[in-house]
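Copied over from TrEMBL:
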type: TRANSMEM; residues: 20-41; note: transmembrane segment
type: TRANSMEM; residues: 53-75; note: transmembrane segment
type: TRANSMEM; residues: 95-115; note: transmembrane segment
type: TRANSMEM; residues: 122-144; note: transmembrane segment
type: TRANSMEM; residues: 156-175; note: transmembrane segment
type: TRANSMEM; residues: 239-259; note: transmembrane segment
type: TRANSMEM; residues: 279-304; note: transmembrane segment
type: TRANSMEM; residues: 325-345; note: transmembrane segment
type: TRANSMEM; residues: 351-372; note: transmembrane segment
type: TRANSMEM; residues: 384-404; note: transmembrane segment
């Protein structure tokens, strides 16, 4: 069996086998590579990022509650070593140091995800995911390797990390080449689409300005139509802003996995002797709770005091905005289950190996090309670099999964 479940009436579901851990990590990779595409889709359709992220945060937290109450309450439990989820909620006076690590990890993830949705608009889906994933792997995976007492095979693990770094360099080259392609398409067109002259419109559209659906993807006309429709205006803006946001998001992402690792394994021995370590589901609940609280607080603030020239809104405006709400709610569920599966696999095989989900740009790039027409009608050089980046990411995720060890359970 790939996933082992202890028999019993009420307890905790535990992933024990290496095969089960890899299955969880692979499913997590698909989920975590998909939800950014859904947020990007809504922003490109003109939905305010504040509205989208509030909807996303609600179902993301619901996913954590579902995972905790279902998987944290089935199977056999041991009050001394692996108490059930409900039991550990009542033990907060004893396990509060681990709870604080989990809460801190949730804050890091929430701020990182929030930064990501703005970075998606400025630098695109593929570049955002490649850059943030690389920072996460270089910092977070290295920290997890030592926190897990070198559970993973170092030669295989760090070969994967090296492949991620190569893929990052290729990703930067892809972005540079694609930016040159875009400039060539637009020619001397003004960066502000609102100031496009009638002559420029006629040159681009062959007449009156059209909707995005009526022009070919990858053309100058498509780029202008997209800019006029999207919620965050980006043409003519400095790329330094977008890249800075992306690096900040990657730094936040690199911290949340090691903090979750500390919450569940207590490598720093912050718990009193005899106090059970947090099971994955209890830690994930606290992790998601802080993630939800921070997301709601920040986005409600951004409704009235928007950042990066986003349109101003209100709580009433958010409640009444049903355009694309279903996609935003779905994104939250997908991300919530993706995070849960990552932590379930990491507890069994090591959190360094679980960081293989940072190859999610493989999935995100697919959605970027399929849904948004990214790199459509680009130069042969851009296509060659794109293929190279995807190949290196595929090798990297394979190496990180191959490095998986098996955590011993007392």
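Each Cβ is built from the backbone N, Cα and C atoms, and glycine gets one as well.
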Checklist outcome for this item: When counting C-beta pairs under 8 angstroms to the transmembrane segment (122-144), the leading stretch of 53-75, 95-115, 156-175, 239-259, 384-404 is 239-259
Next on the checklist: Using a cut-off of under 8 Å between C-beta atoms, tell me which stretch among 53-75, 95-115, 156-175 contacts the transmembrane segment (384-404) the most.
Outcome noted: 156-175
Item to check | Folded-back contacts onto the transmembrane segment (53-75), same chain, C-beta under 8 angstroms, at least six residues removed | outcome: 5-8, 10-14, 35, 39, 84-86, 110, 113-114, 117, 279-282, 284-285, 287-289, 291-292, 295-296, 299-300, 318, 325, 328-333, 335-337, 339-340, 344
Checklist entry - Same chain, outside the transmembrane segment (95-115) by at least 6, Cβ under 8 Å from its Cβ: which residues? => result 53, 57, 88, 132, 245-246, 248-253, 255-257, 259-260, 262-264, 266, 270-271, 275-278, 282-284, 286-292, 294-295, 298-299, 335, 339
